[in-house]
Amino acid sequence: MSADDQKRISGEAAAELVEAGMVVGLGTGSTAAWFVKALAARKLDIRGVPTSEATANLARELGIALTALDDVKSIDLTVDGADEIGPGLSLIKGGGAALLREKLVWEASKRCVVIADAAKHVKTLGKFPLPIEVVRFGHVHTGQRLADIAAEFDLLPPRLRMADRGVVVTDGGNVIYDMPSGVIAEPAALAAALKTVTGVVDHGLFLDLADEALLGTDQGVVKLVP
């Protein structure tokens with residue numbers, strides 16, 4: 001089974017968790033897109049809270065009613081992808097440059113389910129470069145401070161994310177620095193250190209937020225819990 005098929009079946013399994021009347025957080029990325037498509041096919045009376053403009057556009061095209069995070073007291077269920085799923089369902093997210101809105105939606109949710117293909121499940125976080133969202137003003141200086149923190153944790157200095165069109169800018173108008181790491185031995189300590197840097201909006205370490213994971217594998221969908 002291809003990685004894309006594994007993403008698809010995990011997204012379809014997650015869509016079965018949604019019940020009529022729910023407020024549902026809609027994740028961002030290729031795996032989350034499969035969930036949004038499967039959810040739309042069920043034609044339930046729900047409201048979606050998108051984590052990016054890209055997801056909002058897809059949901060509208062598919063006929064899913066949307067609402068803003070500030071217009072709901074809480075979110076019943078959020079389903080989102082991840083770049084890596086490590087021990088205890090610790091996650092690296094942010095490959096789609098939507099980590100800030102994703103984390104805001106996750107933290108407002110009663111239940112969070114992460115979906116992914118089997119390759120995303122790792123023994124130790126860090127092979128995927130850690131995204132860090134940074135205020136655009138003075139970001140070069142912020143990047144230098146991040147490099148100092150990286151050195152403290154025996155990690156490589158972060159790099160400003162670029163695309164064919166130039167610097168990648170998030171929906172919130174910020175930029176992304178990606179920290180190549182290889183192995184993040186102390187995720188909680190690194191997360192705390194990154195938050196001490198003025199100019200850092202947030203980072204892609206999602207710790208103690210996921211309630212379960214649905215992995216698409218060649219044998220079907222496998223459920224993981226912390």
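Numbering starts at 1 and runs along the chain as it is shown here.
Just so it is clear, glycine is given a Cβ too, placed from its N, Cα and C backbone atoms.
What Swiss-Prot records for this protein:
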| type | residues | note |
| --- | --- | --- |
| BINDING | Thr28, Gly29, Ser30, Thr31, Asp80, Gly81, Ala82, Asp83, Lys93, Gly94, Gly95, Gly96, Lys120 | substrate binding site |
| ACT_SITE | Glu102 | active site, proton acceptor |
Taking Thr28, Gly29, Ser30, Thr31, Asp80, Gly81, Ala82, Asp83, Lys93, Gly94, Gly95, Gly96, Lys120 as the record's substrate-binding set, what's the max Cα pairwise distance in Å, rounded to a whole number?
16
How many Å separate the Cα atoms of Asp80 (substrate binding site) and Glu102 (active site, proton acceptor)?
8
In the same chain, which residues outside the set Thr28, Gly29, Ser30, Thr31, Asp80, Gly81, Ala82, Asp83, Lys93, Gly94, Gly95, Gly96, Lys120 have their CB within 8 A of the centroid of the CB atoms that define the substrate site?
Gly27, Ala32, Ala116
Of all the binding-site residues here, Thr28, Ser30, which one's CB has the most other CB atoms within 10 A?
Thr28
DSSP state at the residue listed as 'active site, proton acceptor', helix/strand/coil:
helix
Binding-site residues clustered about the residue listed as 'active site, proton acceptor' [Cα within 10 Å; pool: Thr28, Ser30, Gly95, Lys120]:
Thr28
Under a three-state reading of DSSP, tell me whether Gly95 (substrate binding site) is helix, strand or coil.
coil
Let me know how many other Cβ atoms fall within 10 Å of the Cβ of Gly95 (substrate binding site).
21
